Amino acid sequence: MDGIHRERAPVGRPRARKAMHEAPRGRVYEEWQGNERFFCGGRCIGGPNYKSLLGTTCLILLPLAVYVLFVGEVLWEEVSVALPAAGVGLGFMALFFLFKTGCMDPGILPRQDPDEEYRAGRKPKSKEMIVNGHKVLVRYNETCHFYQPPRAHHCSVNDNCIEKFDHHCPWVGTTIGLRNYRFFLLFIFTGSLLCLYVCGTTVLAVKLEFDNLKDDAREKGEGKPAVWEAFQEAPAAVALAAYTVLFFLFVGGLSFFHIYLVSTNQTTYENFRYGYERSRNPYDQGCVANWASVWCVKTPASKINFRSPMVPKRPPPPNPALQRSRSSASSGMASPVHSVAASTRSHRPQTSRSRQSARAPREMTMNIDVEMGPLEIRHVDEGGGKLQALGQHSVSDMKRHRAAGASLPPSRAMSPSEAAHVKAQMKRGRRPSGASPMGREI
């Protein structure tokens, strides 16, 4: 039995470790920082105002139901069943492209970790790139922490950087970008065609009703009926025709506008922001090539797997050199709470007394009112002399920290004016206002 246990023990332990390693963790979409809404386990990605997608669906389905009930019956009996069937088919095609546009990743660029070099002021806020021989300005995105690629833009509604950002569509409820722009075009083109088809066949149905009224009047020996009598016979059809004309003015106009944008290889954002002319549009490759870039290329894969498990990120090791550069770059502008090292060194010639004080530093703590409020100043004379602000803490707090053996509160940088003010008063042998020495030889 002992031998059996000795054989099973090394096998069981790795299995336990593997089970712990494979413990279920949260997925990316569950911890997502943007404003998107996820459905079906992260497979469906909607915008923050996804309910407007349902409203647009109703604007298509309700008129389609009226078309089938009041117009389709007339067309079915008088002409062919193919006419109302084609209208229903166009309606469901428009719905398919609507949901395809509103329920997919529009081209979200993954966020990066904060760039310490940018924080330290060692990287510019914008830089130039050459695109097809033209200079294009790209900016650093402080929310997503990277330089935005050309044509990318941060959507303020979704709170994400979108590749080839076009616009945020309130009717679809999401942002239109690189990955769903083609389906958005199909939606508005199909919607425009649906409006024209329903309007045309509805007018045909009203005409057929009017012809039936004329035949009935002829058989009864009555006079020719008026057109308004046909409208009375089919009020729903007349209202539907007016509805489709109204919507075609909007959807059709939008379709013609995007035909122009595709022909010139512009986005809606670029057209309103820059107003490119053909002579200076860096992305215009000719009408045929521009259309081919939209319809003859494969939809790029999403750069984020929203269903993948979350991987905890380990903080990078501290970089002392970078911290020193950040300290020198942000001197005088740090908050009163957070710590940034700052020093002002004296260039007086070293005497025997100064060399002795370098071997035995002297520490003194005092309070002083400066431009940032009441501060506690710690002066440590280490030969060259250092001044450091310990934050907005009272002297009693400092005594309590030292009595308990706790670490000192976090410090912040003194501005040059604060340091000069303190050193000037020390040099004159005066104690700053509110000073309370509690120093000791260390």
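Every residue number used here counts from 1 along the chain in the order it is shown.
Quick reminder: no glycine exception, Cβ is built from N, Cα and C everywhere.
Unlike curated records, TrEMBL annotations are generated automatically.
Taken from TrEMBL, the feature transmembrane segment covers 53-75, 81-99, 183-206, 240-263. If you look up TrEMBL, you'll see 139-273 marked as domain 'Palmitoyltransferase DHHC'. Marked as region 'Disordered' by TrEMBL: 306-364, 401-442. The compositional bias 'Low complexity' annotation in TrEMBL covers 324-335.
Within the same chain, the transmembrane segment (240-263) packs against the transmembrane segment (53-75): three or more Cβ pairs sit under 8 Å, each pair at least 6 residues apart. Each residue in the domain 'Palmitoyltransferase DHHC' (139-273) gets a DSSP state, and the totals come to 83 helix, 17 strand, 35 coil. Taken together, the residues in the domain 'Palmitoyltransferase DHHC' (139-273) have a mean pLDDT of 89 on the 0 to 100 scale. With a cut-off of 8 Å between Cβ atoms, the residues of this chain six or more beyond the transmembrane segment (53-75) that come close are 46-47, 81, 83-84, 87-88, 91, 94-95, 98-99, 102, 171-174, 191, 194, 198, 201-202, 204-205, 208-209, 234, 236-237, 239-240, 243-244, 247.
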